[in-house]
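Below you'll find the structure, written out as structure tokens, and then a few comments.
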Amino acid sequence: MAAAMFTRLTKFNKGDEYEDLDGDDNVEMDITDMYRSVGKTPGGVINSAERGAVQRQKPADNSSVPPEETFTVQECIDQIGFGKFQVKLSILTGFAWMADAMEMMILAILSPALHCEWRLEGWQEALITTVVFCGMMCSSSVWGSICDKYGRKTELILCSLITCYFGILSAFAPNFIWMLILRGLVGFGIGGAPQSVTLYAEFLPSKSRATCVTLIEIFWAVGACFEVLLALFVMPTLGWSYLLGISALPLLIFSCFCVWLPESARYDMTRGCYDKALHTLERIAKDNGKPMPLGKLVEPHAHSIKRGRVKDLFIPELKVTTVLLWIIWLVCAFSYYGIVLLTTAMFENPDGCHGTDVKFNPNPSCFLECKSLTTKDYIDLTWTTFAEFPGLFITAYLLNKIGRKYTMVAEFLIFTLFVLLVNICMTRAVLTFFLFVARAFISGAFQGAYVYTPEVYPTSMRALGLGTCSGMARIGAIVTPFVAQVLLKESAYAAVSTYGVMCLIASIAAFLLPIETKGREMKDSGVEGPSKAKN
């Protein structure tokens, strides 16, 4: 054995360098290692403890064993790339977004209809919208914890079935109180919808993640436009109850197709189910026609991490990010849903200074004078809804060009500019254009937050982080009906300026975010070192 060791140590001088004659450039052994191999040290015989340590470290065949190749979930997905699997997942996730968009867009249509039929006051109209967001706010963190503890797939099926069930029941609501209760429960179910972004993002390669998550929002815009067009045909003939029932059915279809949906490989790794995670990755590779990486699937420290703890969002590395994201999400929802409600409200504003042709009293003393949305109103609402398409394409470009942070900053500032311009007296065509541009950029800013949030949080708390941010968004959405539908009737300038100031605050918060996630690999625990961004 000693002779073998001397053989491996034989070197020849080549200038100032030495080379191993056996050709193994990785062998690193000094004279002390040689002595220990035969039971001695330069000063004498080693003790039994040292001998045991040497024997434990030495390979049985006395040869150097190369380290085993390993890969992580994200490295595997990056190597496999975007393919057939992600296309199918995009369609399924997009269908869920479309169904949820229909449930949300109906809020701008339902209140005016019930205003006349049930003789509702302005604050009661606003309350029908607010109660949905109350349900969403109460359930957001609950769904986030369920998602992190029981899986993304289980959570998505459960929240979709709850939303569909109470959506259909609300079509049979006999009075205002029952409508509030049932729509509140619909909101409870919708609160889990953002978790589809969590599942979707975890199956995407790093380079295409921002673009894909952004473009999936096309389905939201399609759902919103479809709901307006559906109302155009259903409301005049069948009424609001049929519209509610029909709008809930796509979620039932989505739940059935979820049988195909796999569980997140990242989630399986965090709970120690390595075989399931590997099986999912092999399924993706097979669908995409690409080989799996060589080596063993690993995810360091993932098995020992506790999930679903809100206090983890405030660890030193994330506490500033969490607070700033809560501000951003609150303002995004406040402004986005505000501009949706503001569109029809501005068209009916009786001040005569915003391109409106007022032919009725918005608060008639006699309910025979009550006026519901007209065909022209639905067409104008459709036009402003179409603004989300250019907004999404612009956002998809900017996210990869200038980064997540600065995309949100720029879009908040542009929204602020155009929404403040609404304060100027103008024709209806100009007003529609300003609202169009404002909705395009607030939709893009909201999508920027959706891209940034899953990227900045590690797997162990990603769903919870997104859930709490969604909960903060609901606070903004709860307040906005009272600004867009109640305050607007008192002072259009005060209502419009409120949205401008709030988005200015959000732009500052986005600028102060300490982490830029462009090209950054998704982390799997909060204790990992900082990841280097990829160009």
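From the backbone N, Cα and C atoms, a Cβ is placed for every residue, glycine too.
Keep in mind the model is a prediction, meaning the values are calculated, not measured.
As written in TrEMBL, here are the features:
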type     : residues : note
DOMAIN   : 89-518   : domain 'Major facilitator superfamily (MFS) profile'
TRANSMEM : 89-114   : transmembrane segment
TRANSMEM : 126-144  : transmembrane segment
TRANSMEM : 156-174  : transmembrane segment
TRANSMEM : 180-201  : transmembrane segment
TRANSMEM : 213-234  : transmembrane segment
TRANSMEM : 240-261  : transmembrane segment
TRANSMEM : 323-347  : transmembrane segment
TRANSMEM : 381-399  : transmembrane segment
TRANSMEM : 406-424  : transmembrane segment
TRANSMEM : 493-513  : transmembrane segment
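Same-chain residues lying 6 or more positions outside the transmembrane segment (381-399) and placing a CB less than 8 Å from one of its CB atoms are 105, 108, 210-211, 214-215, 217-218, 220-221, 224-225, 228-229, 232, 339-340, 343-344, 373, 406-407, 410-411, 432, 435-437, 439-445, 447-448, 451, 518. Residues 104-105, 107-108, 112, 129, 133, 354, 356, 373, 377, 380-381, 384, 408, 412, 415, 419, 422, 428, 431, 435, 438-439, 442-443, 445-446, 449, 452-453, 456, 465, 468-470, 472-477, 479-481, 483-485, 488, 492, 495-496, 499, 502-503, 505-506, 509-510, 512-513 of the same chain lie 6 or more positions beyond the ends of the transmembrane segment (323-347) yet place their CB under 8 Å from a CB of it.
Contact between the transmembrane segment (240-261) and the transmembrane segment (156-174) is present: at least three CB pairs lie under 8 Å, with pairs separated by 6 or more positions in sequence. Sequence-distant contacts of the transmembrane segment (213-234) (same chain, six or more residues past either end, CB-CB distance under 8 Å): 90, 93-95, 97-102, 104-106, 109, 197, 200-201, 204, 242-243, 246-247, 250, 375, 378-379, 381-382, 385-386, 388-389, 392, 395-396, 399, 443, 447-448, 450-451, 454. Of the Cβ pairs linking the transmembrane segment (406-424) with the transmembrane segment (180-201) and spaced 6 or more residues apart, fewer than 3 are under 8 Å, so the two regions do not touch. With a cut-off of 8 Å on Cβ pairs spaced 6 or more residues apart, the transmembrane segment (126-144) and the transmembrane segment (493-513) reach fewer than 3 such pairs and are scored as not touching. Long-range contacts of the transmembrane segment (89-114) within the same chain: residues 120, 125-126, 128-129, 132, 156, 160, 163, 167, 176, 179, 186, 190, 193, 196-197, 199-200, 203, 212, 216-224, 226-228, 230-231, 235, 239-240, 243-244, 247-248, 250-251, 253-254, 257-258, 260-261, 337, 340-341, 343-344, 372-373, 381, 385, 485, each at least 6 residues beyond the stretch ends and with a Cβ under 8 Å from a Cβ of the stretch. Listed by sequence, the residues of this chain that lie at least six past the ends of the transmembrane segment (156-174) yet keep a Cβ under 8 A from its Cβ atoms are 96, 99-100, 103, 139, 143, 146, 182-183, 185-186, 188-193, 195-196, 199, 241-242, 244-245, 247-249, 251-252, 254-255, 258, 261.
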